[in-house]
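Asker: Let me begin by handing over the structure; questions about it come next.
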């Protein structure tokens, strides 16, 4: 005779339709009076009872467990839809791109509750064969934040992604700078193009692309203030960027930069050209007061600038336009100043860095430091010329 199950052990029966054993446990009633029943299924009695034990353990841990079919893709899509509210549009687009191209294809079909640290390690190791370390960190961050959000909403008990370190990836695209001869070739090739003024100002002031795209005419002073004491030369006030809220990258990025004569000349011409564009556009013109805008006054995005920049460089001698980006004009600015012996502290101020350490780290390939203070002082002390 079969042994009778103890009170509270729940039930166990064969489901003919599903062809599985179903183990059930009655946990009382919820606040609305509805009976709370937990179930576990399996091909054998033991498997069904073990599955029920897992469900009961999760319930005792206080977890409102997600449906068993809840996948990594579900968690990532939920995070993209609701977890990025209030973020900059560029951030949302970047996270969406990384998630849809790398996270979901690799791990999306995996059930979230079954995702293990080993799964994540293998996925990262595979991605390390093609992605740079920085890109690996970005895709790991997307997955980590998605699972963390799912855990906060009781979809999973723990976040295994946090247990996984990011491996070393492939070397990223190295930064580079124009030589003086290349810079001259770029400036000459840009003449007569819509990007001429942009390229001249970017190369000769070192302003960031995000700062130039947000530059407005009321922050451009082409005549300066010669009558004040001390006199102010022509300058631009770099106080805004296209970042969310219009703030510059850091507090010290807010700076006022004197304009070289070549910049003043091209900006006067650009101001006149933009006036003709405004007349040609007529009612289609959108007035934003931007120095650098589309043919109808609209703000430029990074893709617009990069495409037009490469188009302007296509006839530059010794330059493969497809290998260069607008941000490398800033690298070139640093390199040209360093070649002329401008102190690192001064370069750091001009590019809007919070300190020289940042400049050395970001532009270490462009900086050519020669620490000569000690040699100069010692020469003055001992007054001995070089041996002949």
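From the backbone N, Cα and C atoms, a Cβ is placed for every residue, glycine too.
Bear in mind that the values here come from a model prediction, so they are computed numbers and not experimental data.
These came from Swiss-Prot, pasted as-is:
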- 70-151: domain 'Core-binding (CB)' (DOMAIN)
- 173-379: domain 'Tyr recombinase' (DOMAIN)
- 208: active site (ACT_SITE)
- 249: active site (ACT_SITE)
- 330: active site (ACT_SITE)
- 353: active site (ACT_SITE)
- 363: active site, O-(3'-phospho-DNA)-tyrosine intermediate (ACT_SITE)
Asker: From the DSSP assignment alone, can you count helix, strand and coil residues within the domain 'Core-binding (CB)' (70-151)?
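Answerer: With helix first, then strand, then coil, the domain 'Core-binding (CB)' (70-151) has 63 helix, 3 strand, 16 coil.
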Asker: About how far apart, in whole Å, are the alpha carbons (Cα) of residue 208 (active site) and residue 353 (active site)?
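Answerer: Each residue's Cα considered, residue 208 (active site) and residue 353 (active site) end up 11 Å apart.
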Asker: How many whole Å apart are the CA atoms of residue 353 (active site) and residue 330 (active site)?
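Answerer: Residue 353 (active site) to residue 330 (active site), Cα-Cα distance: 13 Å.
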Asker: Please give the average pLDDT for the domain 'Core-binding (CB)' (70-151) in this predicted model.
Answerer: 94
Asker: What are the non-local neighbours of residue 330 (active site), defined as same-chain residues 6+ apart in sequence with CB under 8 A from its CB?
Answerer: 202, 206, 207, 208, 209, 351
